[in-house]
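*Asks:* Feature list, courtesy of TrEMBL:
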- 354-487: domain 'GGDEF' (DOMAIN)
- 510-763: domain 'EAL' (DOMAIN)
- 7-29: transmembrane segment (TRANSMEM)
- 41-62: transmembrane segment (TRANSMEM)
- 69-89: transmembrane segment (TRANSMEM)
- 101-121: transmembrane segment (TRANSMEM)
- 133-153: transmembrane segment (TRANSMEM)
- 165-189: transmembrane segment (TRANSMEM)
- 196-219: transmembrane segment (TRANSMEM)
- 231-248: transmembrane segment (TRANSMEM)
- 269-287: transmembrane segment (TRANSMEM)
Amino acid sequence: MGRYPRQVIALMVAPLGLVLALTALLGVAGDNPAVRIIDDLLNFGLLVYATVCAALAARSALGRLRRAWALMTAALAAWAIGDGIWLLYELILRQEAPVPSAADAFYVVFAVLAVAAMTQFVTEPMRESRLRIALDGITVALCLFLLAWILALHTVYDAYRDDRAALFVALLYPASDLAMLTIAVVTLLRAEARQRVVLTVLSGAIAVMAVADITYAVLVAGDNYRTGDPIDAVWGAAAVLFAAAALISRRTPTPRPPTLPVPSNASLWLPYVPLLLAGTVGPPLVMTGVERFLVPVIVVAVCLRQSVSAWENRRLLTAAADQALRDPLTGLANTALFDDRLAHAMVLRSRIDRSVAVLSLDLDDFKLINDNLGHSTADRLLADVGRRLADCARTGDTVARTGGDEFALLLEGPFDESDAVARRVSAAFDIPFTVDGHDILLRPSIGVTVASMSEPDLTPEVLRERAAIAMHAAKRARSPEVQTFSADMVPVNGATVDGAARAGGDGAAQIRLLGELRQAIDHHGLDVVYQPKISLSSGETVGVEALLRWPHPQLGLLLPETFLSLIREQGLIQRVTDLVLDKALDDAVRWYGHDARIPVAVNLFAPSLRETDQPDKLCRALGCRGLPTDLLTVEITEDIVLSEMDLVTAVLRRLREYGVRVAIDDFGSGYSSLSYLRDLAIDEVKLDRNFIAPVTSDPRAAAVAQAVIDLTHDLGATVVAEGIEDVATADWLRDHGCDVGQGYLFGRPVEAAQIGVFAGADIRDIDDAAVISPP
Ligand code: C2E
Ligand code: CA
Ligand code: CA
């Protein structure tokens, strides 16, 4: 009875009590007219109760199940009428009903309708082969019959051997009971879990009735039956079981959407129970000698063997079914299973008070990992992510991988705890993932939505879509990385590049922007500006950093953060790198021509560092312009270096062999590792703005900065501090040994033409008007 025992038990207490009272009464009182009337009345009452319960079950059921219970209601009603007629005979005519009587006509109707009802109980389409069902049916029917025959029916047969009509009537009820029981057992084998309880109770009811009918047939054959016989209580018990089955059926929740067919536990052994009974009870009764013991042992062995092989089959099927619903890489649920669970959760939610929430998660910039580390490392990383997510979920929640780097969590429970889970998930990404020796810090974008109680008609599809919209909003906003769905969020077509979404605006606008970007690249529409790098000790300009700009005809001057992700994700890296490099070196040639030897630094995207011909290309670009190689510095970001140490190391070593300088950019911004300072041959470390900003206010930050400056010097590299905006910071850095500074304090990025002005000049002499600020 599982989930709904209380109401069912409450409704069963009275009828059960009546049956027990009847059993006691019939057992003790012996034959007298008052007892007979009470007996008839009680049985009649119990049947009416069972009929009402069946009618209620029919009313709350749907489809085939409704038909099944409607037929069962009619059958029980016929039985009740039969008992009613019997009662009238005893009460009014003061005599026993003759055999056969009008009551028998209704009992026959019961038998026919009940058999018909039993055929309607399976609502699932047939999965097993019909042959197997037929064979199961034949085995069960024959074994039950054999059992009944050995135990009782052969005496009935002996009694009516010469009177065929009487024999037919005497065997009619036991035969219809056995037919019903056979159907019930075979149905039970194929039933879904939720129907199994109902069918088990129903089978119990029929089995009890069969015992009563067979005993009755034996008693009548020996002319030993009279109303008031204790056997009457057994019919009462059958009626109570019918009522119980109906009540449980009413309480069974709406079906879970069908998943893959895996046979129930019961189907493994249930078909063999009748065989086991017939084969072990029969032989000792009808056989003699050693066969009496040998045959039962053989039967038991065969039954065991069959059950074991059925169990093995089932294990294979379960494994196959499980595979079909799992993501092979992470072992998490796949989309099919997730959708299935979500649909079920939404159905349950409408029945009982339960919270359902969906969390949608997408990893930021995972394409970078794929491009840089290769698919097998990326796969291992995804598996690790899967494990962490699974650790964040509560028991009962479903964690699924729903796409390449997309995951989803279904949060089900009595209370809404989606906030706490989302926070746990977000925190789980604070620790870097270690894969193949790389420490990789991943960030997720997380969208959460809770199925509100005020929207009873909410569909699973809409809920998932909302989570996706919230996730895209998180991706656009970047911070905070967890966003809860709200109606004013703009949906983003998930298919339109997630980088595009991040750059702002809706999907269509992003596609347009991408087209314009390609055009700008083709038609030299991208610009490069230069930010001076100043020697902190002398105040001289010691170089410039080339920074990308896109003067957009409508949107104005766009900064890299608006379109860099588009470049990365749309495979435009190489073209843009070449473009910036050409411009920067052309400008350097011009400055050189004016006797200004200004070293220029260019930022490289990660994938460029995997190109083994990159050093040669750079060298050729410098050589054909007659520029010395040490005029060029390439800036690489530390997370890039970390993630692909071997390849990158080789490329960087070649670059340095040619004389090109290498700088580590944004040091201290991500998950810094000192180890690559040791492993990589570099010329310059650029301390990130956020790393140096607190040095004047936070002694601990100052201590760390000081240590990094000293360490860099020990390794023979130059220290450059980025993003210096105030004099105090510049002074501190100079006093603590930092070599070079860069930042708005010294100059914003400016066009090439203005750089000649800086060259060789003391920065303090530069007129503020010469400095062009980005908008
Ligand atoms: P980055 O390499 O760290 O470049 C420094 C960024 O800090 C520049 O932003 C610069 O304008 C800004 N900045 C300089 N001084 C200050 C300051 O005092 N305060 C503040 N708040 N900011 C300052 P920008 O030009 O927007 O570039 C952003 C990032 O875009 C760069 O960071 C670099 O990673 C990337 N980037 C720019 N141009 C290129 C390029 O040609 N190729 C590649 N691969 N990446 C580029
Ligand atoms: Ca840089
Ligand atoms: Ca930087």
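Just so you know, the numbers here start at 1 and follow the chain as drawn.
Each residue, glycine too, has its Cβ placed from N, Cα and C.
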*Asks:* Where else in the chain does the transmembrane segment (7-29) make close Cβ contacts, counting only residues six or more beyond its ends and a cut-off under 8 Å?
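*Replies:* Same-chain contacts beyond the flanks: 1, 35, 38-39, 42-43, 45-46, 49, 53, 228-230, 232-233, 236-237, 239-240, 243-244, 247-248, 251.
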*Asks:* Can you tell me which of 41-62, 69-89, 133-153, 196-219, 269-287 gets the most C-beta pairs within less than 8 Å of the transmembrane segment (231-248)?
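*Replies:* It is 196-219 that shares the most Cβ pairs under 8 Å with the transmembrane segment (231-248).
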*Asks:* Restricting to the same chain and to residues at least six past its boundaries, which positions have a Cβ under 8 Å from a Cβ of the transmembrane segment (133-153)?
*Replies:* 126, 171, 174, 178-179, 181-183, 185-186, 189-190, 210, 214-215, 217-218, 271, 274-275, 277-279, 281-282, 285-286
*Asks:* Please give the average pLDDT for the domain 'GGDEF' (354-487) in this predicted model.
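*Replies:* Result for the domain 'GGDEF' (354-487): average pLDDT 90.
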*Asks:* At a Cβ cut-off of 8 Å, and with pairs 6 or more apart in sequence only, do we get at least 3 pairs between the transmembrane segment (196-219) and the transmembrane segment (165-189), yes or no?
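*Replies:* Contact between the transmembrane segment (196-219) and the transmembrane segment (165-189): present.
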*Asks:* Under 8 angstroms, Cβ to Cβ: which one of 41-62, 101-121, 269-287 has the largest number of such pairs with the transmembrane segment (69-89)?
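*Replies:* Against the transmembrane segment (69-89), the leading stretch is 101-121.
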*Asks:* What is the three-state DSSP composition of the domain 'GGDEF' (354-487), stated as helix, strand and coil residue counts?
*Replies:* 55 helix, 37 strand, 42 coil
